[in-house]
Amino acid sequence: MLGSMPCLCTFWVTNYGQLLALRTLTGISVGGCFPLIFSLLGDLFPITQRAAVSAGVQIATGAGIAAGQALAGMLGESNWRIPFMVVAVPAVVVACIMLLTTQEPPRGAFEEALQGVYAEGEAYKDTITWAKGLPGSLPWGFMLVFMNDYLSQNKGFSVKVATLIVLMFGLGGGLGVICGGALGQWLYNRRKEYVALLMGTSVFLGIGPLTYLVNAPLPSYPLGATAFLALLGGCFASVAGPNLKAVLLNVNEPETRGVAFALQTMTDDLGKGLGPFLVAWFIKSLGRQGAFNLSIGGWVPCGLLLTSLVFTLRKDEAAMQRRLQDK
């Protein structure tokens with residue numbers, strides 16, 4: 001309701017101050033809902049399904065963003081206020097239905113250490129205020145903001161072809177989330193450490209296609225090959241997302257998961273926000289190509305950090321289960 005009602009009220013704004021206040025409230029809602037959603041997934045699904053359901057949420061989010069942009073493009077041409085109402089009214093209705101019909105799931109109901117507690121009919125209550133998150137979104141900021149202009153202005157492609165290449169990268173990202181979530185869950189169910197290797201390796205593999213897009217004389221190569229490598233780069237780069245969220249669910253107690261995902265979302269958004277700023281700053285001294293290569297290099301420490309989870313993941317999960325048993 002916090003996000004949908006301000007969105008609906010945007011239809012009636014008469015000045016910039018009102019618009020700013022309402023969009024700020026909507027932004028608070030959007031930013032706050034994702035940590036809560038992923039925290040709820042931990043209470044709704046066991047560890048053998050969390051990577052897959054996290055991937056499903058990411059895909060639904062991406063599809064919703066794409067649908068919203070298409071809706072705004074189609075309806076906003078006649079009146080920019082209409083899309084806000086069209087989007088907000090169904091959201092308000094659904095929020096009311098959920099408020100009246102759904103019940104909050106028991107906290108930690110699918111944690112192995114708490115199965116005995118719930119079997120005895122007891123409730124699990126406690127509050128802990130620690131959490132951790134992982135940074136590493138610099139190349140995404142570069143790809144989303146600068147790549148289209150770079151391909152058209154520096155590589156000589158038309159705007160339409162440059163947009164197609166970036167679109168292929170985004171399509172690959174969707175495939176990476178779906179396939180990566182399914183593969184990560186399959187590997188995790190066989191040996192926990194394999195998912196850390198998958199995340200780190202996929203990030204490293206994503207460096208190659210982006211380096212090609214930035215440095216190769218693209219117009220002299222077949223467009224199909226360039227589009228395929230963009231697709232491949234997006235696919236590799238997106239594998240870690242759903243699996244990292246599943247890892248955060250599995251190593252944090254139920255009452256700290258919201259905080260953990262809030263920090264993870266904050267570091268992601270910080271990377272995406274600072275990415276374009278830092279790249280623009282690097283361009284002054286390194287030029288576009290050098291700045292973009294430096295930006296892509298941000299995936300090296302990210303891949304190393306994800307790979308290093310192979311040494312701690314099993315211990316962290318076991319420690320979390322012990323803490324739950326001790327409560």
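Using the three backbone atoms N, Cα and C, a Cβ is placed for every residue, glycine included.
The feature transmembrane segment, as given by TrEMBL for the ranges 130-152, 291-313, sits at 291-313. When the stretches 82-100, 161-188, 291-313 are ranked by Cβ pairs under 8 Å to the transmembrane segment (194-214), first place goes to 291-313. Note on the transmembrane segment (82-100): residues 1, 3-5, 7-8, 10-11, 68, 71-72, 75-76 of its chain, located 6 or more positions outside it, place their CB under 8 angstroms from a CB of the stretch.
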